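J.: I have a structure here, written as C-alpha cells, and I will follow up with some questions on it.
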Amino acid sequence: LRLGPEAFSSSPNPSGVIGSTPGGAAPPAREPPFSVFSVLVVTLLVLLIAATFLWNLLVLVTILRVRAFHRVPHNLVASTAVSDVLVAALVMPLSLVSELSAGRRWLLGRSLCHVWISFDVMCCTASIWNVAAIALDRYWTITRHLQYTLRTRRRASMLMIALTWALSALIALAPLLFGWGEAYDARLQRCQVSQEPSYAVFSTCGAFYLPLGVVLFVYWKIYKAAKFRFGRRCRAVLPLPSTVQVKEDPQEAEMVFTARRPMVAFQTSGASWREQKEKRAAVMVGILIGVFVLCWIPFFLAELIGPLCACSLPPIWKSVFLWLGYSNSFFNPLIYTAFNKNYNNAFKNLFTKQR
C-alpha cells in the first residue's frame, strides 16, 4: 500500500487529531498494490528465473555425469552454465525484490547491497566473456583444426576460463577495493552500480564493449573462412567435366576415372562431415552472438551514456533493459545445446535412467 503524501493528504485539526483532506471529505479510495498487468509481469519474471536456473543446472549435471563431455570445449560450456546459474540464483531474485518495492528502493541494507552488486557485475561479466571464449574456440577449431589439437584446446580453454573469472572479479570488486564510487545510497535507499563516470567507462568497456569487439571480429573471420572454403570446393568441382572428355586412350581414361571417382561421389553427396560440423558451429556462433548483442547492448548503452551526460532514463526503461540482459543467461544454454546432438541424447538418457 502506498503511504505518504502521494496516497492522501492529512492535516491536524484544532483538537490535535489527525483528520482527512480539507473540507471533511473522505480520503480517496486507495489503489490496489498490484494491477493485473503487474501480476502478469511478475509471474513471467519468476518463470524466467526458474527456467534459467533449471536449464543451466541441467546442462551442468549432464556435463558432470557424461564422461564424453569431460573434455574441451565442454568446459567452456560448463563455465558459461556456472555463471548463468549464479545469475539466476543470486542476482535475479534480489533484483526482483528491488523491483517489487515502492520506487525500486533497497530495503535490505548496505552490506547485502554490496554483495548483490558485486555478484551481479561479476556473474554477468563472466557470462559475457564466456560467450566470447566459446566463439574463439569455435573459430580456432574451424580455421586451425590441424594445429589446434586436443591438448592445445584444453590449455587454451583453461586459460580463457581463468582470465574470464579474474577479469570479472576485478571489474566487480574495483569500487570496493579502490573506493571507486558507492553502490548504496542510504538517503534515497537506492542500490545500483557505481555511477562514477570513470568507473562507468572502465566497467562497460571491460564487461561488454571489449568482448563485443572480440565476438564480432571472430564471426567476421569465421564467415570469411567459410566463404573461402566454399569457393575452393566449387573450384574443385568445375574441372571434373574436362576429365570425362579425355577418351582417346582407354587405359588413361580408365585410370583417370578411377582416381577421380571418389571425388565425384564425394562432391555429389554434398558437404563432408567436417564441413557440416563447421557449418553448424558457424551458425551456432552467429545465433549466439546475435542474441547476445540484442540482449545486452541497450543496457550497456544506457550504463555508459547515463553517468557521462549526468542524465537518467525513466525507471521503467532501466528495468526493461536490465531484465533483457538477464534473459541472455536463459538463451545461452538453449543455443549451444540446440546445435549439439550429443546434448539432446544425453538429456534423453538422463531422464530415462531416472525413470
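The backbone N, Cα and C atoms fix where each Cβ goes, glycine too.
For 55-336, the entry in TrEMBL reads domain 'G-protein coupled receptors family 1 profile'. Residues annotated as region 'Disordered' in TrEMBL: 1-26. Taken from TrEMBL, the feature transmembrane segment applies to 36-64, 76-96, 116-136, 157-178, 198-220, 281-301, 321-339.
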J.: Could you please provide the mean pLDDT value for the domain 'G-protein coupled receptors family 1 profile' (55-336)?
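T.: The predicted confidence over the domain 'G-protein coupled receptors family 1 profile' (55-336), as a mean pLDDT, is 81.
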J.: Give the nonlocal contacts of the transmembrane segment (321-339) in its own chain as ranges (CB under 8 Å, at least six residues past its ends).
T.: 45, 48, 51-52, 55-56, 58-59, 77, 80-81, 83-84, 87-88, 91-92, 95, 124, 127, 131, 134, 280-281, 283-284, 287-288, 291-292, 295-296, 298-300, 302, 313, 347
J.: Could you tell me whether the transmembrane segment (76-96) and the transmembrane segment (157-178) have 3+ CB pairs under 8 A, leaving out pairs under 6 positions apart?
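T.: Contact criterion met.
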